[in-house]
Amino acid sequence: MEKFRVHGPFTLSGTVDISGAKNAALPILFAAILAEEPVILTNVPNLKDVETTVKILRKLGVVVERAENNAVHIDASKIDHYVAPYELVKTMRASIWALAPLVARFHQGQVSLPGGCTIGARPVDMHIAGLEKMGATITLDEGYVKAEVNGRLTGARILMDKVSVGATLSVMMAATLAKGTTTIENAAREPEIVDTAIFLNKMGAKITGAGTDTITIEGVERLGGCEHHIVPDRIETGTFLVAAAISGGRITCRGTKADTLDAVIEKLREAGMQVDVTENSITLDSLGMRPKAVNIRTMPHPGFPTDMQAQFTLLNVVANGTSKITETIFENRFMHIPELIRMGAKAEIEGNTAICHGVENLSGAEVMATDLRASISLVLAGCIANGQTIVDRIYHIDRGYEHIEDKLQKLGARIERFNAPFEE
């Protein structure tokens, strides 16, 4: 099993090129199922989840070719299979996005329920409710969600029970080929939804309102090919800005968009950091200062993103002062805190709130990653801790951060990936 070995502490400074956003690349790759002509995507990050998505597409009969400079060529004109199988879906919850484009274009589709996810637990039920309102018949059989419709889906007014990025994307994709007009109310507003809508419109869809809480989709009969550049990853950007803030460094993130990160930049400035913005870059200069503690409350976009919560937990455990972090989006998203406590952090969890008491130094330790964002916070903790930190289960990081050790090494990190023997 692969692990990271980090020898801290050190200052992280320099320039980093930001990759394409995983959270835009995945739905856009699945949305390419809707196209009857070839599609070319650029700025597609080289990640485990992208690799899994490509495997699912190929299983359906889509021709997918990787090209230079993170380009992907997709031809979905000869799809001959309508089932996304368990052996691929089990590793990635985002696989549910295959269902809506399949049923919209081919009037049928089957997707294995993502591993450990029953209908009603996560918002998989909202994806299904949206398709049902558009006329699909949904059955659950032997662990597979099966969707069928006679003829085309029908446009509908769909009011989301709660703000859900995944369900908003599913309904938006399905509605592009539906008969009539669909409105999504209480829609998620994330930049990745906007990027997916731009991609679909390039293929001939008629979508307005993406980025607001009401999206309108006028159905069309077919979608064609296009070229599209994936939006930069705002979460990767925020992660590297935090890396500079906690290590006393100065980092410039190139090829990114500040207007997708307003809530994060505001909190970094509140923490005492100097943040300068251009059209395509963000620079954070810590001025060699220890950050001030900042209170965080995660919210749907444009509020503070849940995917930056773990990184700001780390910032707060080494900040000057005491802070509260309230997680309103996901349950069980404080699993990094016990690991940070092993490194000398002082924090306690009360329900959906963590209270952090800043300490001046962390100590290296053996820690275990539990999910994608928690894992990167542990790696960054190792960068500022005294001594050696070993981070286990780093496959989580490879799901969402492209070339992470290379990028950190260029900023001054002493980090290496190594293979450890499997231990019972």
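Every residue, even glycine, has its Cβ placed from backbone N, Cα and C.
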Query raised in the report: Among ILE138, ILE282, ILE329, which is the one Swiss-Prot gives for the UDP-N-acetyl-alpha-D-glucosamine site where ARG93, LYS162, VAL163, SER164, VAL165, ASP307 also bind?
Result: ILE329
Report summary line: LYS162 (UDP-N-acetyl-alpha-D-glucosamine binding site), Cβ-centred 10 Å count of other Cβ atoms over all protein chains shown, is 11
**Report entry** Length of the line joining the Cα atoms of VAL163 (UDP-N-acetyl-alpha-D-glucosamine binding site) and LYS22 (phosphoenolpyruvate binding site), in Å
**Finding:** 20
Report task. State the count of C-beta atoms found within 10 angstroms of the C-beta of ASP307 (UDP-N-acetyl-alpha-D-glucosamine binding site), not counting that atom itself. Result -> 24
Report task. Using all protein chains shown, find which of the binding-site residues ASN23, SER164 scores highest when you count other CB atoms within 10 A of its CB. Result -> ASN23
